[in-house]
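Listed features, source Swiss-Prot:
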DOMAIN    119-301  domain 'ATP-grasp'
BINDING   Lys155, Asp192, Phe193, Asp201, Arg225, Ala226, Asn227  ATP binding site
BINDING   Asp262, Glu274  Mg(2+) 1 binding site
BINDING   Asp262, Glu274  Mn(2+) 1 binding site
BINDING   Glu274, Asn276  Mn(2+) 2 binding site
BINDING   Glu274, Asn276  Mg(2+) 2 binding site
Amino acid sequence: MKILMLCREPRLYSCQRLKQACQDRNIQLDILDPNRMLIKLAVIDAQMQAQLYYQAGEIYDKCRAEPSLLAEYDAVLPRFGVSSTMMGCRVLDYFAAKKVVILNNSTAFRLARDKWSSLQVLAAQHIPIPTSSFAGALFSTAAHISQHRIPLVIKTCSGSQGVGVMLSESKVHSVSLLQTLQQAKVDNLLQDFVVEARGQDIRAFVIGDRVVAAIERNGLENDFRANIHQGGSASVIQLNTAEQQLAVLAAKTIGLDVAGVDLIRSNKGLLVLEVNACPGLDGIEKASKLDIAGLIIDYLLAMKK
C-alpha cells in the first residue's frame, strides 16, 4: 500500500500523526507539496495521457534538481492549506481521473474552502446556520449592514484557524471594515453574532457516517473566536444523537468523507458555523485521548477495498 499525502508543512502535528499511523500499519507514505508539481497533458504512445511531475528544492537554488515523474499511488490524502487549494485540487483531479482513492475529493474540498458557497449548499438542505449575507461590489455597504443586528461577524470567504473572522460592535466600525475589504478585493460575508455563545463553539470530528469525537472550544478572554490556533482551550464533550446526526449531515452535504464540523449553541438551537475539509488533529486528539489519525487511515484503507 502506497499513499500520497499532499501537504506543504510535513512538520505539523496533524501530518506527523498521520505519518505515524501509516508507519504503524506498514504503509508507505510520501508527503509532497502540490505547489512543487506539474501536470502535463500530452499525446504519449499515440494516446492522450496525463503525467505528474515533482521538483524538489527551492526556486532560488542555482543547482535545483530536475523534475521527476511521480510513481503510481494507491490512495491520496489531501492536507494542504488554503493558499494551496487551487493547485492541490487540480492534483486531486489528476488522481481522480486515474480512479485513485481520494479521501475528500476536489469538488468537496473546493466547496468547503469557499465559506459562502458552502453556506448556500447547507441552507439549501435546510441545515440550520446563522443568518448570513453576501453582497456584490455595487451594493450599498450601509444597506448590507442593515440586514443584520449589531454586533455582527464579518468573515473573509477563504481562511482557516480563525484568521479572517472579525467581530464588529458598531455600524461605523462595520462600514470601515467592509470598505477596507472591498478596497483590497477580498470577498467577505456577514453573519449575525450569536451573543449567547460568545467565545464558545463545538468541533465535531466526522469520519464517514459517524462523529468519532467532539470537543467544546473556549476562546481567550475578550476574544469571541474559540479556535485552538487562536489560543483557545478545548474539553471533550458527548453530543446527543440529534446533534451527531446534524454534524454528519453537514459533512455529507458538502461531500466530505472526513470533516471538522463547527457548531454553535444558540437560543434557536444548534447551528452549523462551517464545515472544514482539512481539520487539525492537535486539539481533538489531545482533548479526547483518541487516535484520530489512526481512524482516518483505517477509513482510507476501507475505502480502498
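Note: Cβ is positioned from N, Cα and C throughout, glycine not excepted.
A distance of 20 Å separates the Cα atom of Asp192 (ATP binding site) from that of Asn276 (Mn(2+) 2 binding site). In the three-state DSSP reading, Phe193 (ATP binding site) counts as coil. Within 10 Å of Asp201 (ATP binding site), counting CA to CA, the binding-site residues Asp262, Glu274, Asn276 contribute Asp262. Note on the domain 'ATP-grasp' (119-301): mean pLDDT across this stretch is 90. Here Phe193 (ATP binding site) is positioned 14 angstrom away from Glu274 (Mg(2+) 1 binding site), judged by their C-alpha atoms. Separating the Cα atoms of Phe193 (ATP binding site) and Asn276 (Mn(2+) 2 binding site) is a whole-number distance of 20 Å. For Phe193 (ATP binding site), the count of additional Cβ atoms within 10 Å of its Cβ stands at 21 [all protein chains shown]. Non-local contacts of Lys155 (ATP binding site) by the CB criterion (under 8 A, 6+ apart in sequence, same chain) comprise Lys115, Gly164, Val165, Met166, Asn188, Leu189, Leu190, Gln191.
Between the C-alpha atoms of Asp262 (Mg(2+) 1 binding site) and Asn276 (Mn(2+) 2 binding site), the distance comes to 8 Å.
Looking at Asp192, Asp201, the binding-site residues in this record, the fewest other C-beta atoms within 10 angstroms of the C-beta turn up around Asp192.
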